[in-house]
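Visitor: Take this structure, written in structure tokens, and hold onto it; I'll ask about it next.
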Amino acid sequence: MKIKTRFAPSPTGYLHVGGARTALYSWLFARNHGGEFVLRIEDTDLERSTPEAIEAIMDGMNWLSLEWDEGPYFQTKRFDRYNAVIDQMLEEGTAYKCYCSKERLEALREEQMAKGEKPRYDDRCRHSHEHHADDEPCVVRFANPQEGSVVFDDQIRGPIEFSNQELDDLIIRRTDGSPTYNFCVVVDDWDMEITHVIRGEDHINNTPRQINILKALKAPVPVYAHVSMINGDDGKKLSKRHGAVSVMQYRDDGYLPEALLNYLVRLGWSHGDQEIFTREEMIKYFTLNAVSKSASAFNTDKLLWLNHHYINALPPEYVATHLQWHIEQENIDTRNGPQLADLVKLLGERCKTLKEMAQSCRYFYEDFAEFDADAAKKHLRPVARQPLEVVRDKLAAITDWTAENVHHAIQATADELEVGMGKVGMPLRVAVTGAGQSPALDVTVHAIGKTRSIERINKALAFIAERENQQ
């Protein structure tokens, strides 16, 4: 049997991390078994579904590189198919027309709740033989079995049973002729030959209804696996107050897709004590029986740690392709300065996100208007004039511009003046970067370049002279 899974989001908002994890688990399960992964857009909620949300979902899937083998399918383009199946069910007696008004149903609901009963349809039209005009408004309901129970072996939670007496006759077509969500899902899974449905635990109560409809259609019933919810680190349901929840917001905040995928796969699944997984390892090791039944807690610090790991572990040339987007957001012109891959090597240890890296690299490419006030006050003092002049001349004399030769020039300045490296290094750092912190000074000066470094040292010397004149 060919394994076939699906990810079926509703386009009423962005792709959130819970949906992304569900997509990842479905994708991994299919890939682990050499099967196929289907993308289906469940856009039956015409009022809330938007083109922007569809685009956001596709962007998120593409950014995570969760490629699909079929689709994307859109439910709104399959209404003829759904209605054909409903008409067939009406002929076979597994569905019936219901003419009950909203007022009657609301009164029934209030009466049942007043008695402490669970609100449900009372099957009035199921047993009615009244004649109705063809154009009289009605819904179509599924004639749910009234005896027995529905049992399915959830691949994460084990056997789950529902009594059919707990399930009322579900509306499968509205008065406007549009099919409902639970029915469309069933026909889609049947037509698309889905073998395994991996989805959130909020769908557990839909499962017995969908199984009963599948059985009424004499269609194969897929295997179900319901993944637990994701909570914030305070144990409450993950929401915006815990930080970003949109996949693309993590992109915007400077995370690599590899880091987010690695974090999401471990958010409810484990393989021994291993924490770091390549995509190939995820595919190789992923199984549903290793997915936890318990809710997972989202820990941003752990994700940040993983992101820092991947910034330094992945090839710099690859990381640079993602960094480029953030550089563009900062409006930095990188034509005159180090290659982005070299920048990744330079700043990787210091920066935990690509956004942070982009925001801290401007001085490599563009001259700064002024020095950091605190750093200048501390290090650009008259005592720094001689070290800056000497190191400037030694840097100017370098014919082979390498980080090693830059280091020798700084060391030679300290030796010549008989001062510690800090007496040369700190004024030089402020002079060439405008701030008091940077990566190792030799590689920083090398990356900034000979001409630009000397120009900035001269600017710092002028700054010192100007301050002296003001005193």
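A Cβ is built for glycine as well, from the same backbone N, Cα and C atoms used for every other residue.
Pulled from Swiss-Prot, these are the listed features:
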{"type": "MOTIF", "residues": "9-19", "note": "motif ''HIGH' region'"}
{"type": "BINDING", "residues": "Cys98, Cys100, Cys125, His127", "note": "Zn(2+) binding site"}
{"type": "MOTIF", "residues": "237-241", "note": "motif ''KMSKS' region'"}
{"type": "BINDING", "residues": "Lys240", "note": "ATP binding site"}
Visitor: Would you mind pulling the DSSP three-state label for Cys98 (Zn(2+) binding site)?
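Guide: In three-state terms, Cys98 (Zn(2+) binding site) counts as strand.
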Visitor: Give the mean pLDDT for the motif ''HIGH' region' (9-19) on the 0 to 100 scale.
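Guide: Average per-residue pLDDT within the motif ''HIGH' region' (9-19): 91.
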Visitor: Please list, in sequence order, the residues in the chain of Cys100 (Zn(2+) binding site) that are at least six apart in sequence and whose C-beta is under 8 Å away from its C-beta.
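Guide: Correct list: Tyr121, Arg124, Cys125.
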Visitor: For the recorded Zn(2+) site formed by Cys98, Cys100, Cys125, His127, name the remaining residues of the chain with Cβ within 8 Å of the site's Cβ center, in chain order.
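Guide: Neighbours within 8 Å of the Cβ centroid, excluding Cys98, Cys100, Cys125, His127: Tyr96, Lys97, Tyr99, Tyr121, Asp123, Arg124, Arg126, Ser128, Arg141.
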Visitor: For His127 (Zn(2+) binding site), name the DSSP secondary structure in the helix/strand/coil scheme.
Guide: coil
